[in-house]
Amino acid sequence: MVLDLDLFRVDKGGDPALIRETQEKRFKDPGLVDQLVKADSEWRRCRFRADNLNKLKNLCSKTIGEKMKKKEPVGGDESVPENVLNFDDLTADLLATLKVSQIKKVRLLIDEAILKCDGERIKLEAERFESLREIGNLLHPSVPISNDEGVLVFLEQALIQYALRTLRSRGYTPIYTPFFMRKEVMQEVAQLSQFDEELYKVIGKGSEKSDDNSYDEKYLIATSEQPIAALHRDEWLRPEDLPIKYAGLSTCFRQEVGSHGRDTRGIFRVHQFEKIEQFVYSSPHDNKSWEMFEEMITTAEEFYQSLGIPYHIVNIVSGSLNHAASKKLDLEAWFPGSGAFRELVSCSNCTD
């Protein structure tokens, strides 16, 4: 998608200076605007000349027809007076003074001029488009002017540290989870649909032995929930040790296959992203898990309140719950750039 050419044309209400300023704010070459304006001006002049030449060609044909109708001598001289060769000043009265043979010669010369003009026009059109496709859209006034997004790395790290410290102050143990999980373990903590639509599979050798031809299937985690859910696999947890609260830090990998259109319902993710997860092993008795469920969503709310980010809580309907969840609340934050609320937190109670 490129800008409308009329935006570069002053006589059409365009403002090349504004586009040049936008290029500078994008830290791109503003000279492209001048190149385009020059090529476009020459292209328009060339098209205007081609239109006039076509009119003259039609005038020649009309004049020849009139002379033939009057049975005027055709003549055998094809030489053309110098003043006639200046097509800019060629008129019907001037053509009327010529013989038919001379007018035919003039028409042939006009054809050659049209072909030359068309060739120049095609070349200018290519030059114009070459510049046009490298010129960005006009910037919205709210866009920050900067050529350095490196500071966003520090912003992300600051948010991660802030989230971990917040959870640590509430009794959570920070844990940095592995990226890979074995297939047999992943099958115990992920739904079947996730294998097809979400998880990346990695196949490697079964062992480091040179004669071992077996293969080992592993999956990249889609959330730290998966490795944390398997952390105490095959263990017995003592009631007095509960609740066990983890703050999982992980890089998550998701294919998001078949997720076209889900973005409009609040899911806003790419194939790789960082995430902080609340994960709690709680007693299933005496309503303890539901108390912890409320505590977790409250913690999430207070975190986003501290950042000053508008949000609302959505109680997910039964038809949209995954198999493991007994209840799920989503915290959706307001994204001004999208003009919509998008999911940032999903809090589920899976009971026992």
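Backbone N, Cα and C define each Cβ position, glycine as well.
Some features that TrEMBL has for this protein:
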type    : residues                                                                               : note
BINDING : Thr223, Arg254, Glu277                                                                 : L-serine binding site
BINDING : Arg254, Gln255, Glu256, Val270, His271, Gln272, Phe273, Glu343, Leu344, Val345, Ser346 : ATP binding site
DOMAIN  : 155-352                                                                                : domain 'Aminoacyl-transfer RNA synthetases class-II family profile'
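Other than the site residues Thr223, Arg254, Glu277, same-chain residues with C-beta atoms no more than 8 angstroms from the centre of those residues' C-beta atoms, the L-serine site, are Ile221, Ala222, Ser224, Glu225, Gln226, Ser250, Cys252, Lys275. Closest to Arg254 (L-serine binding site) in space, going by CA atoms and restricting to the binding-site residues His271, Phe273, Ser346, is His271.
The average pLDDT computed for the domain 'Aminoacyl-transfer RNA synthetases class-II family profile' (155-352) is 86. Its own atom aside, the Cβ of Ser346 (ATP binding site) has 21 Cβ atoms within 10 angstroms in the protein chains shown. Neighbour density for Arg254 (L-serine binding site): within 10 A of its CB lie 21 other CB atoms from the protein chains shown. Applying an 8 A CB threshold to same-chain residues 6+ apart, the list for Phe273 (ATP binding site) reads Thr251, Cys252. Looking at Thr223, His271, Glu277, Leu344, the binding-site residues in this record, the fewest other C-beta atoms within 10 angstroms of the C-beta turn up around His271. Phe273 (ATP binding site) carries a strand DSSP state (E or B). Looking at His271 (ATP binding site) and Thr223 (L-serine binding site), their Cα atoms lie 12 Å from each other.
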